[in-house]
Amino acid sequence: MSLSKRSAAGGCIVSVAVVRNITLDIRSLRGQRSCHSGVRWTAGWSLPLGFLLSRNYLTWTKEQPLSQDVSNFFSASCVPGAAALAQSLCAACRGQKSYIRQRNYHCETSHNEPFYNNHGALRCLQNGAGDIAFVDHLALASIEESQRDEFRLLCTDGTHAPLSHYARCNLGRGPGGGMVTRLNYRKIARKFLTTVQMLFGQRGREKNRFPLFNSTSFGERDLLFKDVTEKLAVLPDGMDVSQVLGLDYVALLKGLGHEGSSLEDSVVRWCCISYAEQKKCEQWALSIKSDPLVCVKATSMSDCVEKIKRDEVDAVSLDATHSFIAGKCGLVPVVTEYYVVAVALVKRTTRNIFMGNLGGRRSCHGHMYSPAGWLLPYTHNLSLGHNESFPCNPNKAYNNVFWKGCLPGSQGNLCKVCMGGTGEAATKRCADNHNERYYGNMGALRCLVGDASGKSYGDVAFLEQHNLESNIISLRWTGWAEGWLSSDFELLCPDGGRAQLSDWESCNLGVIPPNTVMTRPVLAARVYDFLMKSQETLLANREFQIFQSQQYGESDLLFKDVTKCLVHTSHLDYRTILGEKFYRHADYVFNCTHSDILEFCDQDVCSIF
């Protein structure tokens, strides 16, 4: 069974930080006194600590329990239930103290402790025992209207907001309450609760005799059930705990050590989408002396996002479109790489090809959802009238404009030019990773040039400019094709003209935000520390170059080859990094273009009930 609550957050609760002193902000909580609803409570413990860790405001070395670092972070706290964890976590509590166990209510998880639960944490703040209270948004309704102006919410960007603005000013969202029982007692409990709800619930026949979801007549709040509960939602048999709590929250609990320590706590699991990336990642792991690195194989960038969401992988560097997707899926940025530019490339000898007359041609695209190969080209006039019918669906636009092509990760005609892989990287044609020889910037260039047989080739390639000239040189030394020079290619300009490769600043399809390393919020600080230590180690070890991929026969493996260093961005949200123009365009496209990964991420536990 689970509780469904009447609130703006659906079936979930929102964690808020409430203060009276408006000189405080979320970045200056060290040394303050804190009030919590209870140890390991969703809104009073797990969500706020997860946020503080993700921003590195609170550091956790993992050499000691998290509770120890929390007790050092705040000068005094009341965290009911934390008496055995750290003494200072109960210093602000007001329950009766006694050497007789049965009479010792201090810091107890019961109503004998005045500061217990969400309403108790607010009482702790109101009585002056604490400077900040971490509670769920439902408790805010208990603050008298005449007093509401005395309190403010702390927002994640360092600002304050009125109590009514909790929907945008909060520390995260998590599952609401629920009821548990033994497996063999489930049917009896379900039948009993269903009957009780029919009689005494919000719409029950006997609710006037005994209101199940009301505690006022007993002098307390939220007794047995939350007073704001609208109904009990009956869960079907076979539901996994992650389906009930949500993947994000289960991963958060694991990250906070609720399952105890494990080997995974000491490693960073990096997502690799191809055989070549796996080889480079393994060499990286052998070359560093920081936290151990484990290389985990996936099939595409979208698969990496799903694996991070499922807590099967920890981090990956994603292009701008996939960073948008990852942000929508609840992942957060750690570091960024390098801004790039999208271009349309043709062979100089094909003099009759221009932007606007590409209808019926063969196209080469980096991969599905790539900014340069998928998101930006269709916004330009590819073929007169051909893509105007599909203003926000690149897949339909390309299928309508081009005769055939290679768009790795696609289907149908846009896979017919693809080649597949060979040897250890053998894979079916059109795979959304480097195992497809026409994948990525290097792959789109190979596609334009064609294979040795002269059969599989395109007329135009949509790719990134940053490593174009080095990739042209690579055609020869990788054995793909001989004799190609930069002068053998030209750029197609949006105005219908053509230009040399050196004129890319005035002849391009748009600027692309940088690749971003994304992870789960609770791991952001750990992944950042790992990358910084890794960079320092590799500076002294010239045998392995993290930002070079040529020796593995590909380009841009794990990171862009032109990247010089990684820029710290944990303090920024993904929307800020992408920029408003790119974000709005991506949002517009995905509002009418189906995406399996976004559909997966939209299975929000908060809307189940």
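Heads up, the Cβ atoms here are built off N, Cα and C, so glycines get one too.
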Worksheet entry | According to TrEMBL, the disulfide-paired cysteine of Cys304 among Cys271, Cys272, Cys364 | Cys271
Worksheet item: Are there residues of the same chain, six or more positions away from Cys124 (disulfide bond), whose CB falls under 8 angstroms from its CB, and which are they?
Response: Cys35, Cys78, Ala92, Cys93, Arg94, Pro114, Phe115, Gly130, Ala133
Worksheet entry | Local backbone state of Cys107 (disulfide bond), from DSSP in three classes | coil
Practice prompt. Taking Cα atoms as reference points, rank the disulfide-bonded residues Cys90, Cys107, Cys169, Cys406, Cys493 by distance from Gly373 (hydrogencarbonate binding site) and give the first.
Written response: Cys406
Response to the item:
Ala43, Gly44, Ala372, Gly373 bind hydrogencarbonate per the record; greatest CA separation between any two, in Å, is 45
Fill in: Distance, Cys329 (disulfide bond) to Ala43 (hydrogencarbonate binding site) (CA atoms, angstrom)
20
Worksheet item: Between Gly44, Gly373, which of the binding-site residues has the fewest other CB atoms within 10 angstroms in the structure shown?
Response: Gly44
Discussion item. Given the disulfide-bonded residues Cys155, Cys329, Cys406, find the one whose Cα is closest in space to the Cα of Cys364 (disulfide bond).
Written reply: Cys406
Worksheet item: Given Cys418 (disulfide bond) and Gly44 (hydrogencarbonate binding site), what distance in Å do their CA atoms have, once rounded to a whole number?
Response: 53
